[in-house]
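**Q** Would you mind keeping the following structure in view while I ask a few things?
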Amino acid sequence: MPIRLHDSATRELRDLDPVVRGHVGIYHCGLTVQGPPHIGHIRKEVVFDVLRRWLLRSGYDVTIIANVTDIDDKVLAKGEEQGRPWYAVAYENERALHAAYEVLGCLPPTYEPRATGHVPEMIEMIGELIERGHAYPADDGSGDVYFDVRSWPAYGELSNQRIDDMQPAEDAPPEGKRDPRDFALWKGHKAGEPESASWPTPWGRGRPGWHLECSAMAAKYLGHEFDIHGGGLDLRFPHHENELAQSRAAGQQFARIWMHNAMLNLGGSKMAKSVGNTLMVSEVVKRVRPIALRYYLAASHYRSIVEFSEEALAEAATAFDRIEGYVTRATEVTGGVEPGDVTPGFAAAMDDDLSTPAALAELQAVIGEGNKLLADADGEALRGNLASVRAMLDVLGLDPLAAPWTGSSGSGGDAALASLVEALIEQRAQARADKDFATADRVRDQLAAAGVEVEDTAQGARWQVKG
RNA sequence: GGUGGGUUGGCCGAGAGGCGAGGCAACGGACUGCAAAUCCGUUUACACGGGUUCAAAUCCCGUACCCACCUCCA
């Protein structure tokens with residue numbers, strides 16, 4: 001069965017039909033590294049990480065390219081504001097982004113090209129566009145080079161807009177533009193901007209316009225036609241519209257399918273620095289386990305708005321505890337099994353535009369069966385069930401027994417703690433054997449007060465640190 | 001002004017003409033020394049007003065409210 005994805009260009013579900021058989025090339029817009037990532041940014045990473053894992057499990061080779069915009073107005077402004085070089089700001093935030101990938105279990109992209117590393121490719125593309133009559137250097141001496149939207153009749157095809165209905169682009173003063181909606185491919189160096197933020201071109205020194213880097217880098221690493229271009233819905237216009245126009249006008253086919261994830265809102269509006277409602281990944285993972293945050297983000301459909309709330313996050317953590325509890329218990333009983341195959345229901349849900357909510361419903365049903373098998377002590381069936389559950393969790397990047405989660409949860413902790421807890425549990429077991437339930441309960445309460453939860457099972461007491 | 005998306009039970013969150021996704025919470029039962037975990041069961045829905053249809057949460061028309069984009073944004 002083919003994988004079907006919602007293409008935001010045509011606004012319909014389309015079969016994934018790769019350019020190269022057995023291989024899927026994906027480009028998704030990374031971050032402008034002007035600040036550390038918030039949980040809205042990381043939602044996008046989780047969405048594309050799940051897509052990638054599903055494609056891999058479906059037998060495809062995947063090349064995934066995510067850009068890092070390390071030079072633009074905002075990065076320069078941050079450098080100025082913080083009194084240090086713009087590139088120091090960019091690099092620091094790029095590292096924070098990588099830390100966020102890692103803490104949430106997102107596989108690193110195949111490659112993460114930086115805009116500053118691809119100026120020659122951009123210059124080449126600008127030359128091509130000028131030659132074809134779709135771009136022009138500003139005649140006001142600014143050194144800007146603009147894309148000529150009137151020269152490209154399809155302009156607006158991605159976001160379904162007509163040029164005449166659009167408001168003017170404000171990425172540069174309109175003086176040098178032929179049409180106010182023309183956008184900058186290249187921005188001339190301005191007095192007062194650091195010399196380090198400019199590169200020589202046939203049109204004078206300057207720096208990249210935002211949109212061009214993605215067109216140039218996608219072509220370099222994925223070719224003139226590739227399978228999927230993704231990013232946040234807020235990038236659809238103007239960023240992706242402009243990328244599409246540039247690349248097509250330069251004679252390329254560009255992306256076959258456009259995938260846009262919906263925003264993560266807080267307090268009724270999009271999480272964004274300009275609104276001041278951001279929650280940094282590094283902060284949230286202090287309150288809730290990273291795997292629980294990932295579950296929260298993966299549990300809703302990628303095209304639905306997530307209205308963030310602490311309550312919903314806590315609830316997701318509880319829901320995940322049930323899943324993890326099953327995996328832990330089943331692993332104890334079976335001695336552990338490797339991930340096997342996902343169920344047909346799970347596969348059908350994932351094939352249907354990455355319907356993670358339906359996939360999770362399937363997973364919960366399989367876990368319900370597994371819990372029954374656990375009660376019946378049916379070893380063989382239980383092994384099969386656990387293998388399947390682990391496979392499904394792996395697709396979502398939520399297998400608690402896989403990297404990077406191992407060791408971060410369960411009854412681990414340091415040896416001193418374990419030895420103390422086990423001594424108390426031994427005392428309690430003796431009290432229970434003596435039917436001294438008052439003492440047994442007191443020990444359990446003591447442990448609970450210290451944040452250690454004890455459960456009695458047929459095999460003896462299990463414990464884990466909660467929180 | 002233009003372009004899209006949305007409003008589902010106490011909460012989260014799917015579905016897209018007939019059959020009550022799933023989870024969390026609550027309640028009852030089984031299990032347990034008591035719990036916890038687990039299993040079984042129960043309760044509360046489709047923004048509002050019209051219309052189409054044998055049948056509408058789902059299709060059509062209208063209204064209200066919300067979100068995103070048209071300015072940097074995942």
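Using the three backbone atoms N, Cα and C, a Cβ is placed for every residue, glycine included.
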**Q** What range among A:31-41, A:75-85, A:196-206, A:229-239 does TrEMBL describe as motif ''HIGH' region'?
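**A** That would be A:31-41, the stretch labelled motif ''HIGH' region' in TrEMBL.
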**Q** Which range is it, out of A:90-94, A:165-169, A:270-274, that shows up in TrEMBL as motif ''KMSKS' region'?
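**A** Matching range for motif ''KMSKS' region': A:270-274.
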**Q** Taking the binding-site residues one at a time (A:HIS239, A:LYS273), which has its Cβ surrounded by the most other Cβ atoms within 10 Å?
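**A** It comes out as A:HIS239.
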**Q** Within 8 Å of the centroid of the Cβ atoms of A:CYS29, A:CYS214, A:HIS239, A:GLU243, which other residues of that chain place their own Cβ, given that this set defines the recorded Zn(2+) site?
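**A** Going along the sequence, the neighbours appear as A:ASN67, A:TRP210, A:HIS211, A:GLU213, A:SER215, A:HIS229, A:GLY231, A:LEU235, A:HIS240, A:ASN242.
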**Q** Could you tell me which of these binding-site residues, A:CYS29, A:CYS214, has the greatest number of Cβ atoms within 10 Å of its own Cβ?
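**A** In terms of Cβ crowding, the pick is A:CYS214.
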**Q** How big is the gap, in Å, between the Cα of A:GLU243 (Zn(2+) binding site) and that of A:LYS273 (ATP binding site), rounded to a whole number?
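**A** Here the two Cα atoms lie 24 Å apart.
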**Q** Reported as an integer number of Å, what is the Cα distance between A:CYS214 (Zn(2+) binding site) and A:LYS273 (ATP binding site)?
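**A** Distance between the two Cα atoms comes out at 23 Å.
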**Q** Counting each residue once, how many in the domain 'Cysteinyl-tRNA synthetase class Ia DALR' (A:345-404) are helix, strand and coil under DSSP?
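**A** Split by secondary structure, the domain 'Cysteinyl-tRNA synthetase class Ia DALR' (A:345-404) comes out as 46 helix, 1 strand, 13 coil.
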